[in-house]
Amino acid sequence: MFLLPRFILVSCIIGSLGFDNPPTNVVSHLNGDWFLFGDSRSDCNHVVNTNPRNYSYMDLNPALCDSGKISSKAGNSIFRSFHFTDFYNYTGEGQQIIFYEGVNFTPYHAFKCTTSGSNDIWMQNKGLFYTQVYKNMAVYRSLTFVNVPYVYNGSAQSTALCKSGSLVLNNPAYIAREANFGDYYYKVEADFYLSGCDEYIVPLCIFNGKFLSNTKYYDDSQYYFNKDTGVIYGLNSTETITTGFDFNCHYLVLPSGNYLAISNELLLTVPTKAICLNKRKDFTPVQVVHSRWNNARQSDNMTAVACQPPYCYFRNSTTNYVGVYDINHGDAGFTSILSGLLYDSPCFSQQGVFRYNNVSSVWPLYPYGRCPTAADINTPDVPICVYDPLPLILLGILLGVAVIIIVVLLLYFMVENGTRL
């Protein structure tokens, strides 16, 4: 009976030998209520249509292809679909949201609105866009695209002013100048409508600089007016530069309603597409995997800039992307990161995903889920099951009392026996 506490302690020490619970560099999920947004590296349909069907093209394990939890499109991204004619209707829903896309709009594509524009501005736009997407998908279950209907009472049509290579901007739309206007010093309006979603992410953009047309310089000025609430959202050009500027966008989160787009100078812009956010949920951080090229192409870090705790966990490989299918598809490091989608995990943190919820040598930063208690389990003389000192102290006291009782009893019986002899 008195050996039981000692037996428990010895069993605890033996059971803890060699155990560790470090954070792992993967994306995972607490349960089956998750969803992934991606590109060709997780586009199972694209692989099915290749000949032969070579799944080494993907970083995603093909066992997940029939899960119904993936919305991916080769050659595309959510940002690219949001702004340009090259469109894919990303649609998905889950408590735990994972993003592995963005590489299809990088400095490698060198997009800018005009020949004297700036791709740096578009990288800034990308970062601001994904910031809004990640923040809002931490509190919404559902993401999809919706068209935004608008009514312009003039005779002018939308124009493809902003284009580069194969990319043509169509969100927001530019309304061309009316034929009876001699310059761009005029005010013009258009109605647009948001309905059917809890909230929407829409673009509000201006050329932030002196826009030259026919020897005249113009300052862009754009506003959205909510006719139901009276709230005004606006941007005015503040820069005096005449080259090296581009289309600066802010990404507004708006409620349903009737809106008026207003231009006080230069061309009127009006949103044509929106991210539709639906089904509020309890706060659940999103997970983002860095979407980048092999080093032979220039990538950016805008998804990393956008993904900040506590609303987002960022995962990245420590090595260059080197694919096995081709140089940009099928990298072992990123395949390892996505392998966490094959199983449930109890705890997520800034450092990584914890496979167990008992103890770890690393204290989870910005933890979410059922997370372990930190303890120094790298010290070989200290078992992980004694990370809390109070049970150890109590156990020591009990062992001491047991030893004293045993000694007293032995002395008592020895004396008793000696007396009888």
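All positions are counted from 1 along the displayed chain.
Cβ atoms here come from the backbone N, Cα and C positions, even for glycine.
The annotation signal peptide is assigned in Swiss-Prot to 1-16.
DSSP gives Ser40 (active site, nucleophile) a helix state. Ser40 (active site, nucleophile) has a Cβ environment of 20 other Cβ atoms inside 10 Å. Here Swiss-Prot flags Ser40 as active site, nucleophile.
The disulfide bond annotation in Swiss-Prot covers Cys44-Cys65 (among others), and the record cites sequence analysis as its basis. Neighbour count (other Cβ atoms within 10 Å of the Cβ, all protein chains): 20 for Cys44 (disulfide bond).
Taken residue by residue with DSSP, Asn54 (N-linked glycosylation site) is part of neither helix nor strand, so it is coil. The N-linked glycosylation site annotation in Swiss-Prot covers Asn54 (among others), and the record cites sequence analysis as its basis.
The N-linked glycosylation site annotation in Swiss-Prot covers Asn89 (among others) and is backed by sequence analysis. The Cβ of Asn89 (N-linked glycosylation site) lies under 8 Å from the Cβ of Ser81, Thr144, Phe145, each of which sits 6+ residues away along the same chain.
Swiss-Prot lists Cys113-Cys162 (among others) with the feature disulfide bond, giving sequence analysis as the kind of evidence. Taking Cβ-Cβ distances under 8 Å and a sequence separation of 6 or more, the neighbours of Cys113 (disulfide bond) in its chain are Leu161, Cys162, Lys163, Ser164, Leu169, Phe207, Asp246, Phe247.
Summarising the annotation, Swiss-Prot assigns region 'Receptor binding' to 128-266 and lists sequence analysis as the type of evidence.
Per Swiss-Prot, the feature N-linked glycosylation site maps to Asn153 (among others); the stated evidence is sequence analysis. A coil conformation is recorded for Asn153 (N-linked glycosylation site) in the three-state DSSP classification, outside any helix or strand.
There are 20 other Cβ atoms within 10 Å of the Cβ belonging to Cys276 (disulfide bond). Positions annotated as disulfide bond by Swiss-Prot, on the basis of sequence analysis: Cys197-Cys276 (among others).
Marked as disulfide bond by Swiss-Prot on the basis of sequence analysis: Cys205-Cys249 (among others). The local packing around Cys249 (disulfide bond), expressed as other Cβ atoms within 10 Å of its Cβ over all shown chains, amounts to 23.
Look at Swiss-Prot and you will find Asn236 (among others) tagged as N-linked glycosylation site. Neighbour list (Asn236 (N-linked glycosylation site), Cβ cut-off 8 Å, at least 6 residues apart, same chain): Ile206, Asp219, Asp220, Ser221.
For 267-379, the entry in Swiss-Prot reads region 'Esterase domain 2', with the evidence type sequence analysis.
Listed in sequence order, His290 are the same-chain residues at least 6 apart in sequence whose CB falls under 8 Å from the CB of Asn301 (N-linked glycosylation site). Taken from Swiss-Prot, the feature N-linked glycosylation site applies to Asn301 (among others).
Over all protein chains present, the Cβ of Cys307 (disulfide bond) has 26 other Cβ atoms lying within 10 Å. In the three-state DSSP reading, Cys307 (disulfide bond) counts as coil. Here Swiss-Prot flags Cys307-Cys312 (among others) as disulfide bond, drawing on sequence analysis.
For the recorded site, Asn316 (N-linked glycosylation site), the DSSP three-state label reads coil. Of all Cβ atoms in the shown protein chains, 17 besides its own fall within 10 Å of the Cβ of Asn316 (N-linked glycosylation site). According to Swiss-Prot, the feature N-linked glycosylation site maps to Asn316 (among others), an assignment based on sequence analysis.
In the structure as shown, the Cβ atom of Asp326 (active site, charge relay system) sits within 10 Å of 11 other Cβ atoms. In the three-state DSSP scheme, Asp326 (active site, charge relay system) is classed as strand. Per Swiss-Prot, the feature active site, charge relay system maps to Asp326 (among others); the stated evidence is sequence analysis.
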**Prompt:** Which residues of the same chain, at least 6 positions away in sequence, have a Cβ lying under 8 Å from the Cβ of Asn153 (N-linked glycosylation site)?
**Reply:** Ala190
**Fill in**
For the region 'Receptor binding' (128-266), the DSSP residue counts stand at 10 helix, 70 strand, 59 coil
**Request:** Enumerate same-chain residues with a sequence separation of six or more from Cys205 (disulfide bond) and a Cβ-Cβ distance below 8 A; give 'none' if the list is empty.
**Result:** Pro172, Gln222, Leu235, Phe247, Asn248, Cys249, His250, Thr269
**Message:** So among Cys307, Asn316, His329, Cys371, all listed as recorded positions, which is physically nearest to Cys65 (disulfide bond)? Use the C-alpha atoms.
**Reply:** His329
